[in-house]
Amino acid sequence: MTISRNMLVIFVFLFLDIVTVSMILPWMPSLLETYESEKEWFYILSKKYVQHMGFALGFQEGSTWDRVFIGGLLSSLSSLMQFVSSPVAGALSDYFGRKPILIVLQVSLIIVNVFWSALGKSFLWLLIYRVLCGAARANVGVVLALVGDISSDTLRTKGMAVVGLAYGIGFTVGPPCSVILLSRWKVHTSTEYLSCTLGSTCLLLNCINLLILIFALPSTLQKGGDIGLLINQALCLINPAKLFSLSGTAKCPKYEKSLRHLAYFWCGYLCLYCGIEYTVLFLARIRFNFSSSDQGKMFGFIGIIMMLVQGCFIHSFKLGREDKAITWSSCCLILASAIFSFATNIFVFYIGLALYAFASSIFFPSVNGLVSLYTTAEQQGQTLGIFRSLNALARIMGAVLVSTVFWIYGPIITYMSCTILLGLLLIYKEITLEVTKCQSEQTYKDE
């Protein structure tokens with residue numbers, strides 16, 4: 001089996017995976033509104049708790065932004081489970097191989113979707129569904145390690161870009177498909193109809209992915225060694241302080257400092273990125289009165305931009321340009337955040353979305369490619385698992401912090417704060433990585 005065929009299999013697997021993940025996204029604001037209108041007991045209990053917090057902060061009852069905060073907490077719980085599971089899955093894949101761990105995670109997704117399709121009418125089951133799906137999202141880190149296994153150094157970042165392209169197309173297809181599937185939701189206005197339809201569709205796609213894993217995905221690295229030691233090392237990475245140490249994962253000691261600075265930047269950037277990603281759904285709902293159908297079109301637009309940019313990126317990217325690509329994508333997200341702060345016109349809002357999509361399509365494959373180039377082959381699963389855990393940690397903090405600021409101060413202050421902080425992070429990245437690069441080059445000359 002050639003590398004190109006392997007990448008095609010990975011592309012199809014990730015495409016179907018992100019379709020299942022993204023199908024629910026356009027419906028989250030409407031879903032929470034429906035739980036409220038149906039007087040669903042666990043949602044009402046959660047809202048009362050949020051309102052009590054609001055009273056303590058001096059809010060009046062019935063804040064328009066209560067649902068933003070509740071949704072942010074829901075997203076954070078999902079990310080918390082991914083934070084815990086990613087390094088463990090990465091370490092296990094270094095020992096057992098990538099394929100067996102991916103199969104176990106895929107079976108767990110199938111089981112979760114069975115329960116979601118049957119019991120999802122309850123807000124409590126939505127919470128459980130999101131939490132368990134978050135744990136199974138450790139599969140992304142394992143797939144990234146698999147891409148590193150089958151790619152040479154010169155093709156590794158392009159391989160990561162193929163992963164990004166799969167995500168871009170998945171985001172293009174997933175939300176609009178869910179809108180088409182649920183076009184009758186205006187007639188059957190119930191959470192039971194929505195959960196049954198989405199859950200059954202995701203169940204079918206996850207079963208197809210399981211067959212792909214079993215019959216088409218290649219088996220790669222199987223390191224062996226002390227499984228107990230690997231698990232203990234992975235569990236230590238749940239401690240954020242040890243998570244950032246990255247000790248022993250680089251190809252040589254001079255790269256460890258670069259990896260560490262990159263990890264700080266990655267976590268801070270993603271904290272703000274994920275906060276923007278989540279709250280922009282509610283911004284569109286509140287400021288422009290977007291329906292779920294409009295949300296689906298919005299995600300389709302973002303996906304098309306990502307797909308086009310990723311296609312050009314794969315074709316034209318050359319090794320060694322990862323750092324510049326990260327800088328350009330950061331600048332685009334800064335501009336997008338500033339636009340979201342003040343945009344009152346839909347056309348201007350969509351310009352912000354285009355910049356956001358450009359940043360999304362370039363940033364992730366560039367960072368993953370840089371990490372993979374810095375890392376030994378034997379440690380790739382664990383190191384990329386660490387960065388997936390940092391991703392989840394950032395999502396935990398970002399969803400809560402940004403949605404809390406949105407809840408208290410509204411969108412203008414929220415997105416302007418994100419703009420300023422992103423600018424400071426970019427300055428940090430430019431200074432620290434450049435200094436580290438110079439130190440590494442000097443060390444190399446001395447050696």
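Placed from the backbone N, Cα and C atoms, the Cβ positions cover glycine too.
TrEMBL annotations:
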- 6-435: domain 'Major facilitator superfamily (MFS) profile' (DOMAIN)
- 7-28: transmembrane segment (TRANSMEM)
- 101-119: transmembrane segment (TRANSMEM)
- 125-147: transmembrane segment (TRANSMEM)
- 159-185: transmembrane segment (TRANSMEM)
- 197-217: transmembrane segment (TRANSMEM)
- 263-286: transmembrane segment (TRANSMEM)
- 298-314: transmembrane segment (TRANSMEM)
- 412-428: transmembrane segment (TRANSMEM)
Average pLDDT across the domain 'Major facilitator superfamily (MFS) profile' (6-435), rounded to a whole number: 81
Cβ-Cβ under 8 Å with the transmembrane segment (298-314): same-chain residues at least 6 beyond its ends: 22, 25-26, 158, 161-162, 164-165, 167-176, 284, 290, 325, 350, 353-354, 356-358, 360-362, 365
Result, the transmembrane segment (7-28) in contact with the transmembrane segment (159-185) (3+ CB pairs under 8 Å): yes
Ranked first among 125-147, 197-217, 412-428 for CB pairs under 8 angstroms with the transmembrane segment (101-119): 197-217
Considering the transmembrane segment (7-28), which listed stretch of 125-147, 197-217, 412-428 counts the most C-beta pairs under 8 Å: 197-217
Remote residues contacting the transmembrane segment (125-147) - C-beta distance under 8 A, at least 6 residues beyond either end: 7, 10, 13-14, 17, 21, 31, 42, 74-75, 77-82, 84-86, 88-90, 93-94, 98, 101-102, 105-106, 108-109, 112, 115-116, 119, 156, 159-160, 162-163, 191, 195, 217-218, 220-221, 368, 372, 380-381, 384-385, 387-389, 392
